[in-house]
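Colleague: Got a structure for you, written out below as structure tokens; questions coming shortly.
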Amino acid sequence: MKRIFSGVKSPKLSAPPKVFKNDESPSTPSSPKFDQGLRSLSASASRLFSNSISTPGSPTLDLPQEHSINGDISPELVPIVTLLSAQAHRRYHYGIFLILHDLKTDGTPAARQWEECYGVLLGTQLALWDAKELSDSKNNKNTSTMKKAASRPSFINFTDASVRSLDANDQVIIASENEKTKKDLDNVLVVSTTLKNRYFLKFKNSKSFKTWNAAIRLSLFEFTALQEAYTGSFLSSRGVKLGDIKVVMADTKFTYEDWVSVRFGTGMPWKRCYAVISPQSGKKKKNSKGSICFYENNKKTKKSNIMTTVVDARALYAVYPSSPILIDTSTIIKLEGFVSFDKSEEPQETNLFIMPEKHQGVPGYDTIIRFLIPAMNAFYLYGRPKGLIANRTDPDSLLFALPTLPHIYYLQVDDVLSLTKDKNYIHWSAADWRNNIVQVLQKKLSKGYKGCGNKTVSVSSGMMKSPAISSAELFEGYDSLPERQMESPQKSKMKSPTLASTDDINSASASVNSHATSVKQTELFVTDNSSKINDSVSAQSSVTTNFKDTFTTPMTSGMLNHENSERSFGSGLKLKITDSNLENMEDVEAKSANEFSTTPEDKHIHLANAAELSALYDKYSTSPFGKSEANSSPKPQKLEVKDRSKNENRSPYERYVGTSAESKTFEIGNVRESKSTINTSLSSPLRVEDSRRSKNEDLGSLKEFEELSQKISNMGMANISSEALSDTAENSSFVTDLNLNINNSSSVNLNEEQRVPDFGEENVFDPDYMEQNQMLETESRYTTDEFDFSDNQDAASSNYSNGQTNRTVTETLSASDRNDKIPHSSLFTNLNQLTSNGGNYQDREDFSGDQINKPQQSQPLHVKGPQTSSFGYRNSSANSSQPQAPYPVGRPLGKIRTGPLTVQPMQQGGNSSMYSFQSSQHRFHSSQQRQNQSLSFRNNTYGSGNNQNTFHPSPQLQQQPQNMRYLNNKLPINDRSPIPQTQHHVPDGRPSLHINTTNRTNPLTAQSGFSQFMPPNSTSTNPYSS
């Protein structure tokens, strides 16, 4: 049978929503009020990056929620996603500086005019506003103009940018209309987000320059470190799902080949290549590494087809797709290393994006893991191929210096600022900055450092649910700011009236929501003039957004050929800037040096207000972790100033840490101290798990994943329930080894220590399950109405029986018996198949037809008596596929079990519902025994396929005969042994042909052989039919 890989299907993402109307507004889509209605907040954030123009008449669509795909994210990913969200919304620094857009994205000259900007570094994105426009709006006291100016920032993405400081070797030629002068630019950073564009950022003094430089370097370091940590948690949570993970993790000398798409530079198109990962060759030097060769086609034997070769790698990690719903589908890998385009040239330091192509029926995480592991082995990264390093104090580990929650940051800006005391820091490359930051962390880790960041900081729900930057984050200050701003109070650099202070901007932007914080709940409505503005609306300010062409940069994530930029700067940068206005701007700065002052920290708006305002900027109304239910239609966003602890839509960080009103200790729920994620509680039935993964001790190669899982789990404080779950898994050998589940709706009730989480549906993608399913299909031919071979036909014979016979037997079963522990047979891996249909005639006395039709009302049975022999009760728990009808009392049975078998009758009112018999008295004729066994094997081969609610014998009955046969190590193929009959011992060994029917409490003989398949018919002449 063809193997089907496990995993969820790729989600079909719908288009971003355009417009939705308020619940309180009964307007129709054609009404003007609907066209001007409140727009989707997430769509507004996306248009801030895409600069798209909205269409009022577009249909309403919703973004898919994560829990609609695969439920809660893996416990290993919860701390990492929390840290990634916190880093994306961390404000590293803000202030005023000059910017010059030198080259556009296509390499053509830009305006090349110095503009004064107010900038905020939030995560790895620098938001920019025109300082003159903000100042004019403040001084003119024009609220509408102020809102319009505040809601249209431009962004520079530093994620994959090349950042370099100008030094004494760099000369800038400033060409004016009259003359050309050479002038050295001090305190200038050169930023290139693509291979062709370029920006110059000039700061007013050395102090400001060092602070901005340190803040940018720290943001880039934290982003890369968290991507590596995400890769480690991704491997630990998804690696165990691969069926052949043991082979993937093995240290082999074989090459790995696959089709990939490669982007050799930001702004460059994706190129489809055939990648070949070659490990170290035995003929090479001892310290040599492997390589990754990219070919134009799969004819790799031709050397002329080689496009490029990666000869070394400094970092290799999976890129977090910015949203948890895309984790299982994203296959983008970033490689930082040295690439050779020609053998005659020296390798160049650069970054590559690699995206392995997905295969049909294979989930994305399967594809990316199969590429990551061989690539790490080739370049000896993160401890591979020996084993992934899980020690957070090791610089080579994927989890190096990972903050332990509730700490959410690696370092403060002041910690990196201390590195600028080195005189050579201005010449450092990106790798030098990273190495020096690692040294700072190593010193702190040696003293037990666990990270920084306010332990009581409350991250707003908007920050955690959406990668978009909220207006409140851009303007308002909160605890993530550095304790001391390096930007000294300065005046505006322009001739216009003084620039509004940050506190004034806060008050102006906060005034957009009319009395938003003065009431408990406030709903937003779009102003009347919103339809007159062309671009997307900002939900926080309720106005639209326009980007200025001089500031607009492409927001697509990319990377820069770092070697090219280093080569252009290495011998001294020579720039020619025509019509520069730098001198005029410097004159303005000198004249207004004492008029501008930044906002004191004690004037910042309270954090709760900032969190509430930022919540208006986000579309998502449910948690990205799937804890709350998704809504089919978006709801109007609301502000709740009080009782925020009762809000169901709190951010994931708030749900773990708790708000200030709760004073809750930070905990990570459901993060066990176990070595895998197999027995974690899953809330969605779509979550597919492989039961074979429960025995991770048999997979030696998973030790690396287990260590990563433990380290990541230690990032948060495990709760009591997780520890109890781990202890239960260790103490119960049946539950741990076989991954058993108990259906709560069944009649079998277990104690709390025997309960294990319900995994929902069976793993239909498991090859073993499919083989079992094929076996069940074969059995269905014997249970359909067409063949009429089901054991349920025996129910017709129940018309002859007395309905009250032995009814008192079941009434004697006490409640305490139902709560007794019932050990489970080691032959089953899922009790959900065994706990829904009631017992059979082998497990109890005769019942009436009503009792048989209500198997859920049957009582649990317990075995009492000596150990069975090798023949009697042969795995009766595995062969009770369907409830059996009682046989008529007082009528001769068609098939009498031959062979002397002395059995003790059942005691009335006892706790045992089965007959105890002495195995030493079992004596059989060899010919009759072989005949009975052969008939049973033929007729009941698949009798246990759909078995449910089957009685499980006690440990003393679990010993199986040596001649038991198994199919694929799953279910035994054996006969359904009839219940032992009460017969008088005959000295000559011949069986008795008559049954005493006067005592109705005596056990009845069950049919066996072909007679049980004969339909009951009163006119039948078949001597074997009853």
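Glycine too: its Cβ is placed from the backbone N, Cα and C atoms.
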Colleague: What residue among Ser31, Ser488 has an entry for phosphoserine in Swiss-Prot?
Modeller: Ser31
Colleague: Say a student had to find the phosphoserine annotation in Swiss-Prot: which of Ser10, Ser466, Ser496, Ser684 would be the correct pick?
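Modeller: According to Swiss-Prot, the phosphoserine annotation belongs to Ser10.
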Colleague: Look through Ser446, Ser701, Ser913 and state which residue has the annotation phosphoserine in Swiss-Prot.
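Modeller: So the answer, going by Swiss-Prot, is Ser701.
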Colleague: Based on what Swiss-Prot says, identify which of Thr420, Thr556, Thr578, Thr736 is the phosphothreonine one.
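Modeller: That would be Thr578, per the phosphothreonine annotation in Swiss-Prot.
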